[in-house]
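Look at TrEMBL and you will find 334-354 tagged as compositional bias 'Basic and acidic residues'. The annotation compositional bias 'Basic residues' is assigned in TrEMBL to 355-367. Annotation source TrEMBL lists domain 'Ig-like' at 16-97, 109-200, 208-291. According to TrEMBL, the feature region 'Disordered' maps to 332-367. Summarising the annotation, TrEMBL assigns signal peptide to 1-16.
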Amino acid sequence: MLLRLLLLICAPLCEPTGLLLIASPSRPTEGSPVTLTCKMRSLQRSNAQFQFCFFRDSRALGPGWSGSPKLQIAAMWKEDSGSYWCEAQTTTSKVLRSPRSQINVQRIPVADVSLETQPPGGQVMEGDRLVLICSVALGTGNITFLWYKGAKGLNLQTKTQRSLTAEYEIPTVRESDAEQYYCVAENGYDPSPSGLVSITVRIPVSRPVLRLRAPRAEAVVGDVLELHCEARRGSPPILYWFYHEDVTFGSSSAPSGGGASFNLSLTAEHSGNYSCEANNGLGAQRSEVVTLNFTGGRSARDPLRSLPSPVPQEFTYLNSNSPTPVQLQPVYENEPREQSAVHIREQHSSEQKAQKPRGHIGRTRFP
């Protein structure tokens, strides 16, 4: 009887009556920290040295057994949800175990998905690098990002990562990359798309070609000579400048691309070198030189030459937006076929008809 009384008195002084696991916060969201505390109930003996260990689904957490009754978890994720408990013991006591506690980590669905570009603004030079940056304002856990091109939604790339942003890169932009793009993000809930972003590919102008056209086989002073300058490639609008002996004398624009013309009323002073320049703000390009020379006519002793034969007529467009071709007058030539020529004749008195000044237009070729 006395022994039983001593045991009843000693029991609360020798060991705790139980353990309790406390999680703070009890319903964590993904990415947030959690503190697990192994709390002893009815512990009367203050000098007892206990070792603690925390478990989730039969797997020990952290460093294993330690002298601290707390375990700090830096970030909890959806896959960390499960059944948790703790154990405690001394070198002489049996192992005590807390009841199991279910901890469910809350995932936040993605929201406010946006697509941005680098460089910003959606305009990029042909040959440069383009980055499409997909971002979410809200969302936790592993997020899957998908990039799409065009109205048909061609999937370009898919990435899954634990991040609020992801990037898709086009290392070298081509003209065919000009399109609308969007991205989609999801983390296990309904996918959330971004808005559409339009990409404009800016193309520098190519070297333009200058052509001179006269209204007749032998144009007289006072006739109108058309100077037509055209760059085959280049983003509109394109501004064309026309030069005589490297001095500009006129300009014309092509708001929708293509070529542009400038009309010149011929005088004897118009002999010399002509060229044109194309510029769309991405760099200027100058054409080859076309030379217009006035030369003396043949003397009476010169053998007769056959009249120049017309070059086959060709069709051209007035501008890139015109669907109907316009037929220009034939250009005659009295030089090798690789050079274009237009003859220019001044009005003279009947006494000077034997020697008529003539002019020709020849293209200067560069090696």
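Glycine too: its Cβ is placed from the backbone N, Cα and C atoms.
Whatever TrEMBL says is automated annotation, not expert-curated.
Per-residue pLDDT, averaged along the domain 'Ig-like' (109-200), amounts to 94 for this model. Residue counts for the domain 'Ig-like' (16-97) by DSSP state, with H, G and I taken as helix and E and B as strand, are 3 helix, 39 strand, 40 coil.
The domain 'Ig-like' (109-200): residue composition by secondary structure is 6 helix, 53 strand, 33 coil, according to DSSP.
Secondary structure counts, DSSP: the domain 'Ig-like' (208-291) has 3 helix, 50 strand, 31 coil.
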